[in-house]
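Copied over from TrEMBL:
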- A34, G97, H148, D212: (6S)-NADPHX binding site (BINDING)
- K183, G184, A185, P186, T187, G211: AMP binding site (BINDING)
- 1-271: domain 'YjeF C-terminal' (DOMAIN)
Amino acid sequence: MNIQKIYKPVAAQAHKGTQGHALLIGGSYGKIGAITLSSKAALHAGAGLVTAFIPKCGYPILQTANPEVMVITDKVQEHISCIEFTIIPNAIGIGPGIGQEQETQDALHQFLQTNKTPLVIDADALNILSQNKKWLELLPPQTILTPHPKELERLIGKTQSDEETIQKTITFSKEHQLIVVKKGAPTQIIDGDNVYENTTGNQALATAGSGDVLTGIITGLLAQTYTPLEAAQLGAYLHGLTADLALPHTGHESFVASNIIHFLGKAFLTLQGNRNEIGFK
Ligand SMILES: NC(=O)C1=CN([C@@H]2O[C@H](COP(=O)(O)OP(=O)(O)OC[C@H]3O[C@@H](n4cnc5c(N)ncnc54)[C@H](O)[C@@H]3O)[C@@H](O)[C@H]2O)[C@@H](O)CC1
Ligand SMILES: Nc1ncnc2c1ncn2[C@@H]1O[C@H](COP(=O)(O)OP(=O)(O)O)[C@@H](O)[C@H]1O
Ligand SMILES: [Mg+2]
């Protein structure tokens, strides 16, 4: 599978209104950084407009760190208690840093009951779903879940081998019509019986916030004209490639999640050449 076939260059006549509006929902006291990274990543993935929905305490932090991102605040200071907004986003990413307060769980339930917008679900939003598996029925078809191994285990249960994990994830994906970005080394994308293995990335990504950035990238792509499977594949590919491109500059140790965002431009630029070797296995 060739990533270059998925990639769509930005049209010369494009404007911010044609490049998609991404909404990132998350953050809680002490974890505003997660949603700050996600929303910044969505912008750098090409979304024309990005809004972050966060608890009140994050307002000055996010507005200062990301002046290009618009902000909607919850009425509660330290966590999200009610997800209501009047904007019409093209894609929503929910979960980075959101925490598991009871009010936040209730807000997620309420949100899922009415939401029809293409969705990416990560981090504590996944953990809340794991404790309320009936809510999986509320997800729009082709919703993208981005679990790391522990989050996946909470969703599908313990397994004895990698093969069993893949089989259970395929069954889970088919049962609920979901795309699972099974994060790891390497990341695999499971869409029903189809399993795609990413070819980019390295251990530099073993750093706090690198998954939060992936969620922002995928949501930013989903808000443009990419299908959920394309957004998951291109997002995972670009995310990993940033770590490969950064390696001569940062080494494995000093690479941090912000570097993923920093090197995203260089990663996109590789897609504009004629490299045929790139892609997924
Ligand atoms: N700057 C920030 O605000 C940050 C906020 N974060 C947020 O913190 C919350 C908690 O997320 P966590 O993922 O830390 O908590 P979890 O409890 O979901 O996951 C941590 C556990 O999973 C295990 N694990 C993670 N990756 C693994 C792998 N590849 N293989 C095997 N085990 C693995 C860890 O060893 C640990 O036991 C999330 O909402 C997240 O978005 C984190 O992303 C870190 C940065
Ligand atoms: N050794 C590794 N090789 C390749 N990718 C890795 C490695 N370690 C972590 N990653 C990637 O980094 C990201 C980590 O996500 P996650 O655990 O959710 O981080 P966080 O919650 O801190 O943002 C995933 O995309 C994962 O595939
Ligand atoms: Mg994570």
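Cβ atoms are placed via backbone N, Cα and C, with glycine included.
Curation plays no part in TrEMBL annotations; they are all automatic predictions.
Structure with TrEMBL features highlighted.
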residue : record                   : Cβ contacts under 8 Å, 6 or more apart
A34     : (6S)-NADPHX binding site : G26, G27, P96, G97, A123, G209, D212
H148    : (6S)-NADPHX binding site : K183, G184, G211
A185    : AMP binding site         : G201, N202, Q203
P186    : AMP binding site         : E197, N198, T199, G201, G240
T187    : AMP binding site         : V181, E197, N198, G201, A236, G240
Q.
Return the count of C-beta atoms lying within 10 angstroms of the C-beta of D212 ((6S)-NADPHX binding site), excluding that atom itself.
A. 30
**Q.** Extra residues within 8 Å (Cβ to Cβ centroid of K183, G184, A185, P186, T187, G211), AMP
**A.** H148, K182, Q188, N198, G201, L205, A236
Q. Should we count any of the binding-site residues G97, K183, G184, A185, P186, T187 as near ligand 1, judged by a CB under 6 A from one of its atoms, and which?
A. G97, G184
Q.
Given A34, G97, A185, G211 as the binding-site residues, which ones have a Cβ positioned under 6 Å from some atom of ligand 3?
A. G211
Q) Just how spread out is the AMP site if you go by the largest Cα to Cα distance in Å among K183, G184, A185, P186, T187, G211? A) 13
Q.
Quick check: which same-chain residues outside A34, G97, H148, D212 lie with their CB within 8 A of the centre of the (6S)-NADPHX site CB atoms?
A. G26, K31, L37, S38, G95, P96, D122, A123, G209, G211, T215
Q. Among all the protein chains here, how many other CB atoms are within 10 A of the CB of G211 (AMP binding site)?
A. 25
Q: Check the binding-site residues G97, G184 for other C-beta atoms within 10 angstroms of each C-beta and report the one with the most.
A: G97
Q | Per-region confidence, the domain 'YjeF C-terminal' (1-271) (mean pLDDT, whole number) | A | 98
